[in-house]
Amino acid sequence: MAFAATYKVVLGSIAFAIFWVLAVFPAVPLLPIGRTAGSLLGATLMVLFRVITPDEAYAAIDLPILGLLFGTMVVSVYLERADMFKYLGKLLSWKSKGAKDLICRICLVSAISSTFFTNDTSCVILTEFVLKIARQHNLPPHPFLLALASSANIGSSATPIGNPQNLVIAVQSKISFGDFLVGVLPAMLVGGSRLLSVHKDEEDGTGEIVGEDDVSSHRFSPATMSHISAWNSMNHVQSSPNNINGSLATHLDSLRNRVNSGDQLEIQRSPCGSIDSNDISSPTQFSEEKESKTEHWKNKMWKLCVYLVTIGMLVALLMGLNMSWTAITASLALVVLDFKDARPCLEKVSYSLLLFFCGMFITVEGFNKTGIPSTLWNFMEPHANVDRVSGFAVLAAVILLLSNVASNVPTVLLLGGRVAASAAAISASEEKKAWLILAWVSMVAGNLSLLGSAANLIVCEQARRAPHLGYTLSFWNHLKFGVPSTLIVTAIGLTLIR
């Protein structure tokens, strides 16, 4: 694909630059409108500048990814209500030996869950939980958030269902699930181990573990929080009614639980407020005790249903069913099983994040229409043959660059057929190897910068918007860790791709 018309190249580059700047610096002084509005602005400019048509803009929105995000967000809300995160927190904190040990456990949980649930799903579910763990142990959140996002990206590289670009590669290359797993798994295991050692070196937070009873009153100390201006704090509150409503619903649930736990004491009280031992065997008390036990078992059965539906969703994903519709079906099954107004749970979904992705899809499509990414590949292709070491390095560099400029899913869509055709001219085995290299590098490239993968953006936005736990993971904090770790892990993995 050659360059588009000059005006499209210039105006499309300007629109993409505006999107990129606002995504990296959401509170830039000249235009402090945030990431979501920035992505929508970039998308609108692409249409207004006639880089793409309105119909092309609508077609660029990836509805399956949006459906997957929405479904997993709803499932995560019900999993939290079913106390899964409380149990997971006890598991991660059980006999913990400090911050480095906690990071190791978060890396393992994130990588394993991303292999089967996709990296986006794992990040949606685990981000707020990781913030709670950091608060409980009085530790700076950013090493834990980096561990979550980077491990999710690497873990998701092992299977075709680990992330959207792997799914695209598996369909286009016709590589079976087993061959894909065998081909990438060694690189994922060794690369993940190396990433874990980098996280240990990066971790410099210290703090004493706070007792579980003190968690509700514990707050981040100013030294561990990113600087947030009063204006941004006020703007965050004013622009996040969903979070306020969600917090209110959570508070009401907490009050309801307290009332239920106090039923046993209340039914033993006489009308004047004193305990009357003669009323212990009264029919009224017996009836209330029976009702309390019934409610207890109903709650247990409901939690079991939540876990079974989640496991069923995982099995369906492993069977290769449509990911987005599987997640949406699981979320609606939980809504029906809950048998009450779902509005409080649906209000906890981050709709601004879904809008951000809509704008990003349109903006990236417009940038691809300029012909800049395609021209870059045409220039590098003669030097990117996979039958020699130098070709490996060049191909990896091109994928790393494009994945962090145009996002990894568009990079796979743009380069997949070209890389495969170039490798197929050498041999069939080289073609398969080229596909697997594309899968590995495009996924690991997500760790290089905050814009490298959707998982990074999900962690960043979810962390910033978490009620009472908001933390801003800056672009530079991520970049300082991302550049060296990505280069090391990519190089190690390339030697192990089979």
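Note that the numbers count up from 1, one per residue, in the order the chain is shown.
In case you wondered, yes, glycine gets a Cβ from its N, Cα and C as well.
The shown structure was predicted, so the numbers you read here are calculated from the model rather than taken from an experiment.
The following features are taken from TrEMBL:
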TRANSMEM  6-25  transmembrane segment
DOMAIN    27-445  domain 'Citrate transporter-like'
TRANSMEM  58-79  transmembrane segment
REGION    269-292  region 'Disordered'
COMPBIAS  275-286  compositional bias 'Polar residues'
TRANSMEM  304-337  transmembrane segment
TRANSMEM  349-368  transmembrane segment
TRANSMEM  389-406  transmembrane segment
TRANSMEM  435-459  transmembrane segment
TRANSMEM  479-497  transmembrane segment
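Scored on C-beta pairs under 8 angstroms, the neighbour of the transmembrane segment (389-406) with the top count among 58-79, 304-337, 349-368, 435-459, 479-497 is 435-459. Across the candidate stretches 6-25, 58-79, 479-497, the maximum count of CB pairs under 8 A to the transmembrane segment (349-368) is reached by 58-79.
Same-chain neighbours of the transmembrane segment (479-497): 146, 150, 154, 183-184, 186-188, 190-191, 194-195, 198, 202, 392, 396, 400, 433, 436-437, 440-441, 444-445, 447-450, 452, counting only residues six or more beyond its ends whose CB sits under 8 Å from a CB of the stretch. Proximity of distant same-chain residues to the transmembrane segment (6-25), defined by a Cβ-Cβ separation under 8 Å and at least 6 residues beyond the stretch ends, is recorded for 31, 33-35, 37-39, 41-43, 45-46, 49-51, 359-360, 363-364, 366-367, 369-372, 450-451, 457, 475.
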